[in-house]
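Novice: This is the structure I want to talk about, given as structure tokens.
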Amino acid sequence: MDFVMTIEDDNEENKKLNNEKNNEKNKRDDKNNINSENDIINPEFTFFIDGINNKPIEHPWDFNAARAGLKPKIPVKSKSIDEIIENKRLEAKKKKNHEINDKKKMNYDDDELSESEKDDDLEKKYIDRNKKKETMKHDEVSEDDRAENDEEEEDSDEDEPYTFGGGVDYVIEDEYVDTSENEDEDEDERPEEKNEQKKKKASNSEGKMYDKDSKEDEDEDEDEDEDESDEDSNEDDNEYERERKKAYFADKSEIIQNEDAESFQTMNLSRPILKGLSQLGFIQPTQIQKETIPIALMGKDICGGAITGSGKTIAFLVPIIERLFYRPRQTAEVRVLILAPTRELTIQCHSVASKLAAFTDITLCLCVGGLSLKQQETELRARPDIVIATPGRLIDHVRNSPSFLLESIEILVIDEADRMLEVGFADELNEIVKYCPKSRQTMLFSATMTDNVDELIRLSLNRPVKLMIDSIKSTNTKLIQEFIRIREYQEKNREIILLILCKKYFKHKVIIFFRTKSVAHEMKVIFGLLGLKASELHGNLSQEQRLEALEAFRDGKVDYLLATDLASRGLDIKGIETVINYDIPQSYDQYIHRVGRTARAGRNGRSVTLTGESDRKLLKLIIKHSQKEQIKKRKIDVELIKEYSKKLEDIKEKVEEVLKEEKEEKLMNQAEMELLKGQNLLKYENEIFSRPARTWFQSEKEKKLSKNLSADNIDVKKRMRDENDNEEGVNKKKIKRDKYAGMSRKKKRRMKLREDDSNPQMKIENFKAVRLAKKSRRPAKINKISENDKTKEKAKNGGEKKKKNNGIGFEMDLTDVTKKAAFAVVPKNTNKKGKGAGKGKSNDVIKKKVKSSNGIKKKSMNVKSKRRK
Ligand SMILES: Nc1ncnc2c1ncn2[C@@H]1O[C@H](COP(=O)(O)OP(=O)(O)OP(=O)(O)O)[C@@H](O)[C@H]1O
């Protein structure tokens, strides 16, 4: 692909003189650019990045597109959880006021009685009564008000430690303890580990990737080879793995020499894109952007990894939009597909892309679950240049939306690629990749990107360039990571500790992660009853509720976002100051993503993780991958725990009541919905039943199985990976018990290699792996017909070829459009697939069956192939 030079004007005086003239002209030129390819360069253009022309927008992304795609709201009368909570709070307030009034009454009675007493006594009583009234005045202050005044209370803590109104009636005692000073037996090992880690960080600082295998060097065995071990391990260990990686990945230095672009302007990008970047407030590219953009512009496949919040989204969007800017405009085609694992992340990516492409004529379509299918179908029919989708909804469209195919995809981007390669998404991803042409450019990105050839090979990449910016699996150095130890007998105190953290220390823009939806929801009720403004984000909510929750949190209407791991990856909300892990995530990767919601784009941030006894392995791993100064320990005062325990106890009953009422409301809501559904069914019966049934590439059973597997496997696989990562460090004791126990590392490695050599199976595996990697390095044969071409060829030649290839009565099925004929084949193939045999083929067959039994779809395919001839 050719670079197109943009005109730069260094002359400041000229800039000023032409300022007004150019403002007008720029607007006109942009419009011209949109319509004409030949009029791209305007020699008089001056690009302003100083905010004169384009004032940077406040939020780099919004919910407009998602909101527009929301299904029409069905009016329901049931109360929302917030309303139920508010009602309960009001009830409690009223009750309290009653009690106070009763008390007051009692006091006045006392006054009447005191009239008959002596003067001295009267004076004494008067003083006492005034004291009492003071206390009552304080009691009248609602919990809400107290929450608001917490800051002031803390400030005045030293002066009035024992009065409630002016300060707090408890003493806060929290401590930050350097882990190196900690007395815990496990933590005794840390200083040495940390030093090793520091050394490693330094050696990795030049953009080198953190080599998992070289972690052997961190073993603290007293070995005479200690100092030379770094080189040793790199040479010895997993020779064949390194050989494979070398063969599989392209050498970056061979592709590009100078990657140090000072600003986006020196990157030879088109003016409308520079304008888009300027509008977003981006002037200097981040490291991952510096490295990715030039290579991606060359059409190379990329495997990119950089810490959370380092700007990976812009890194892949800029080259995409730049390349699309020079696309042929005669025919509209879907040329770019961007996939992300969650709806919110996809919405965010779509929004950033729309803003970046605002000054071009590039069209985008957002395809995520929870938003209107119909609207997406209409948009897809116009063949937008970029489709940004979650895998599930995309497959739904590929299978069920007339004329939407992926055969024209030129660039495929998979954001959070490591997650997408995991069980649960893997089947869907395979299905999508199968429909995309092999000749496409593929780019993969994640903060925890894998370079495992076995995993990547499934995506049929073409000699990808590995761009690992920071040592992978590391956190931002500006992130302070605090840990609160929860001993086994203190497990019941988690809620209390969380409340203390939120009531006393972290009051704004805090995201709190929970492992389960139910705990997140219960905490939302507790927070609400205690006057903490919080919204929840998890899979039990409707898409509209999810968007509302995010929006409220982003705009500061609530201070806390109570989320499950749904929000752990990719979400970029400005100003998140703190991430609290109510429970430690299931894997180290997940931890990186969760805490990566703060300390983004060079800002500071803090994470606080409640760590149980069973989480210590993961804790060690976190410590191992972090710098010493990043790790802190927080202690919560016992008195504080007692006090908040009482507070929580006081509202427990109300929490139950709220949850019960919510359940009842939900049931009523459900009944109403069913009724509405029934009415609709009666009203639009003919229309509904005339629609072709939607198909899916998996049966319901397989879908469920895959989901369950996903849940299990994330846990098992990640734990295994963490353990592997941690092999020599955390599991030291375990390893020492094996047959290599007591040997020096060098000896151990030699032994392992010798064993591998003597194992014929292992030898074959190694050989196979190296051959596979070498094969993938060969350039593709020019006359090689891709799967996609084959499908096209088949479509051209009608059913005959298919009959030959598939060995089934396709011709008969094509003409026999009765339901019987269609259903006769589908279950058979589904079964086949269930056994795991001929999976892809059977899917294709199902798809063709459905298409052939559906006049409209068959027709639209023919139209497309005719147009393409
Ligand atoms: N060149 C730039 N200059 C300034 N800010 C930037 C630049 N590029 C991106 N950003 C900002 O950095 C933040 C993080 O960007 P982005 O969401 O792309 O990070 P990421 O690497 O994808 O993170 P994650 O791994 O969590 O998905 C965003 O707020 C974005 O607006």
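Glycine residues also receive a Cβ, built from the backbone N, Cα and C atoms like all the rest.
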Novice: Choose the correct range: of 262-290, 581-609, 610-638, which one does TrEMBL annotate as motif 'Q motif'? Give that range.
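Specialist: It is 262-290 that TrEMBL annotates as motif 'Q motif'.
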Novice: Quick one: sort out which of 65-96, 641-672, 673-704 is the coiled coil according to TrEMBL.
Specialist: 641-672
Novice: Using DSSP, tally how many residues of the domain 'DEAD-box RNA helicase Q' (262-290) sit in helix, strand and coil.
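Specialist: Breakdown, helix to coil: 18 helix, 0 strand, 11 coil.
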Novice: List the helix, strand and coil residue totals of the compositional bias 'Basic and acidic residues' (98-108) as derived from DSSP.
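Specialist: Residue counts for the compositional bias 'Basic and acidic residues' (98-108) by secondary structure: 11 helix, 0 strand, 0 coil.
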